[in-house]
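Listed features, source Swiss-Prot:
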type: REGION; residues: 1-36; note: region 'Disordered'
type: MOD_RES; residues: Ala2; note: N-acetylalanine
type: MOD_RES; residues: Ser34; note: phosphoserine
type: MOD_RES; residues: Lys43; note: N6-acetyllysine
type: MOD_RES; residues: Ser47; note: phosphoserine
type: REGION; residues: 66-83; note: region 'Hydrophobic'
type: MOD_RES; residues: Ser101; note: phosphoserine
type: MOD_RES; residues: Lys105; note: N6-acetyllysine
type: MOD_RES; residues: Ser115; note: phosphoserine
type: MOD_RES; residues: Lys127; note: N6-acetyllysine
type: CROSSLNK; residues: Lys138; note: SUMO1 cross-link
type: CROSSLNK; residues: Lys138; note: SUMO2 cross-link
type: MOD_RES; residues: Lys141; note: N6-succinyllysine
type: MOD_RES; residues: Lys141; note: N6-acetyllysine
type: CROSSLNK; residues: Lys141; note: SUMO1 cross-link
type: CROSSLNK; residues: Lys141; note: SUMO2 cross-link
type: MOD_RES; residues: Lys178; note: N6-acetyllysine
Amino acid sequence: MAEQEPTAEQLAQIAAENEEDEHSVNYKPPAQKSIQEIQELDKDDESLRKYKEALLGRVAVSADPNVPNVVVTRLTLVCSTAPGPLELDLTGDLESFKKQSFVLKEGVEYRIKISFRVNREIVSGMKYIQHTYRKGVKIDKTDYMVGSYGPRAEEYEFLTPMEEAPKGMLARGSYNIKSRFTDDDRTDHLSWEWNLTIKKEWKD
């Protein structure tokens, strides 16, 4: 039996139900200080120096100005019942993702994992923002607060809370997702598009 596609009215209703108030918050982020400035502050205070070393680690700061401070490397759909890895390499050709699609079985629980590196300076208030579209209609927007991170050689990983994939005849089909990794300064560290297909089973 052919799967029933949602009508324009049904998509509009879904969008309305998922619409969140986007009131601006009266919040002013603190002035950004470099790692060097932080390390120079109260440098004669031995206890404070040890505290900052424990907090920041022995930072090997990248001096190459051509390397972005924040590099987003991978997006992974973490799902214990998936038959294989669901991963996007974000260091390659981002345009190719528009021609591919993850398959997700309806109703399964999953999380999104973002892997990234911070190379030179502390980044405050990082956020992962995701807009979901169905047939060109935006049906959902989700903001995830990632937090503040300092430079280190190892990658960081951020996991979203557990979510349940939509289910039911009207939920099955293709979704276009526009993702963005940003921060308090509204720096666009990376923006990319990818596709998700909800099916009754993992494989037809």
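Keep in mind that glycine also has a Cβ here, set from the backbone N, Cα and C atoms.
This view paints the features noted in Swiss-Prot onto the structure.
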{"residue": "Ser101", "record": "phosphoserine", "contacts (Cβ under 8 Å, 6+ apart)": "Ser174, Trp194, Asn195, Leu196, Thr197"}
{"residue": "Lys105", "record": "N6-acetyllysine", "contacts (Cβ under 8 Å, 6+ apart)": "Thr81, Ala165, Ile198, Lys199, Lys200, Glu201, Trp202"}
{"residue": "Ser115", "record": "phosphoserine", "contacts (Cβ under 8 Å, 6+ apart)": "Val72, Thr73, Arg74, Leu75, Thr76, Glu155, Tyr156, Glu157"}
{"residue": "Lys127", "record": "N6-acetyllysine", "contacts (Cβ under 8 Å, 6+ apart)": "Asp143, Tyr144, Met145, Val146, Phe181, Thr182, Asp183"}
{"residue": "Lys178", "record": "N6-acetyllysine", "contacts (Cβ under 8 Å, 6+ apart)": "Gln130, His131, Tyr133, Ser191, Trp192, Glu193"}
Model confidence over the region 'Hydrophobic' (66-83) (mean pLDDT, whole number)
94
Using a 10 Å radius on the Cβ of Lys138 (SUMO1 cross-link), the other Cβ atoms enclosed count 16
Taking the Cβ of the residue listed as 'N6-succinyllysine' as centre, how many other Cβ atoms lie within 10 Å?
15
Using DSSP, break the region 'Hydrophobic' (66-83) down into helix, strand and coil residues and give each count.
0 helix, 9 strand, 9 coil
